[in-house]
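Copied over from TrEMBL:
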ACT_SITE  HIS261  active site
ACT_SITE  ASP312  active site
Amino acid sequence: MMTEKKLSGAGLRGQSAGETALCTVGKTGAGLTYRGYDMVELAEKARFEEVSYLLSRGKLPNQAELDAYLAKLKSLRGLPQALKSALELIPASAHPMDVMRTGCSVLGNLETEQDFSEQIDHIDRMMALFPSIICYWYRFSHDGVRIDTETDDDSIGAHFLHMLRGEKPNDLHARVMNVSLILYAEHEFNASTFTARVCASTLSDIHSCVTAAIGSLRGPLHGGANEAAMEMIEKWGSADEAETEIMGMLERKEKIMGFGHAIYRESDPRNAVIKGWSQKLAADVGDTVLYPVSERCEAVMWREKKLFCNADFFHASAYHFMGIPTKLFTPIFVCSRASGWTAHVMEQRANNRIIRPSADYVGPDSSEWVAIEDRA
Ligand SMILES: CC(=O)SCCNC(=O)CCNC(=O)[C@H](O)C(C)(C)COP(=O)(O)OP(=O)(O)OC[C@H]1O[C@@H](n2cnc3c(N)ncnc32)[C@H](O)[C@@H]1OP(=O)(O)O
Ligand SMILES: O=C([O-])CC(=O)C(=O)O
């Protein structure tokens, strides 16, 4: 059972910044739930699209509702020509999260939300289009190919892999993508979601809220940690080497990406789920290095610091075993978390007051004006 984190210090830690009916994180006795549904059960039994429906519509869909929702998402996968042209201008050297941010922003120029009554259609469009945005740019800038983003895959996960590779994924890969998208879908008032809510609280449009959230997710202390973890573990050729290097990093007081959490104290419940799938994928590809390296990192970090893997750490090896380029890890997180962000935007709008905290002033008492020619 999770114990409560020490509630003090900077970063607004431990302070409630509002109410939500969307998610519990680390709540004693409840763990991680989306609208009351246990995340572990959802990852085992649900399709990601059922989860995104649950977040956006407030209930799990029945079969007819799910069929209609899947058909709608499928019909919205095509990129407007102006967005394709914009993506083609972005070089291969760009950071894919910058591509996501720009892609979302350009979409907001082309299909602007005119009224909040349109919000659900814009949300569905983003859920359908985000995988298309990143894969279209990636394949054009890296392979010189203009891909057709209108695949017939039912699931967003399979659709993503299909566009990336030019062929349908096998069942194992489609399944892991589905689980991964569920794990990343929603997490209460994390930094990127809070960003989206702050933006929403000014009554801004939905593309601005999501664009801002993408910017917050990009950082290595948040979503960017899955890529940073991959860059770290791929350098090591054995579990013993990983242990030596981790010990050195800890001695130098360096941050180990993919470990620790702002709310959880003893474990991140998403870790056990993605770790299990990473192990299956390791067996599938015959890996004898990366998975043992990852496991040793986990053991050493717990032994030395009582720090545990968060959702990002075993996502690194899992995505890698599926052949996904490291730089696309965090954009996949966007394709999933967009469901959580937009549900929070709707929730904020439904009961809004502009988010505007106070600050404790620590600057000089009074400063005397100095003419510019007299300044040092
Ligand atoms: C999906 C997600 O966004 S999950 C988070 C992904 N981010 C990462 O994996 C980045 C690495 N982790 C971290 O930087 C942090 O653990 C965060 C940002 C996630 C949480 O930060 P905080 O709430 O400030 O962490 P917390 O209060 O638990 O830190 C306690 C101590 O552990 C240390 N610590 C925390 N995480 C780590 C880590 N990964 N490696 C080394 N030391 C760490 C902190 O430096 C702090 O020590 P200090 O007293 O010397 O400052
Ligand atoms: O909740 C947090 O602070 C970060 C996190 O795990 C997430 O957003 O999934």
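A Cβ is built for glycine as well, from the same backbone N, Cα and C atoms used for every other residue.
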Rounded Cα separation (Å) that holds between HIS261 (active site) and ASP312 (active site):
11
Pick from HIS261, ASP312: which of these active-site residues has the biggest number of other Cβ atoms within 10 Å of its Cβ?
ASP312
Taking DSSP three-state, what's HIS261 (active site) in: helix, strand or coil?
coil
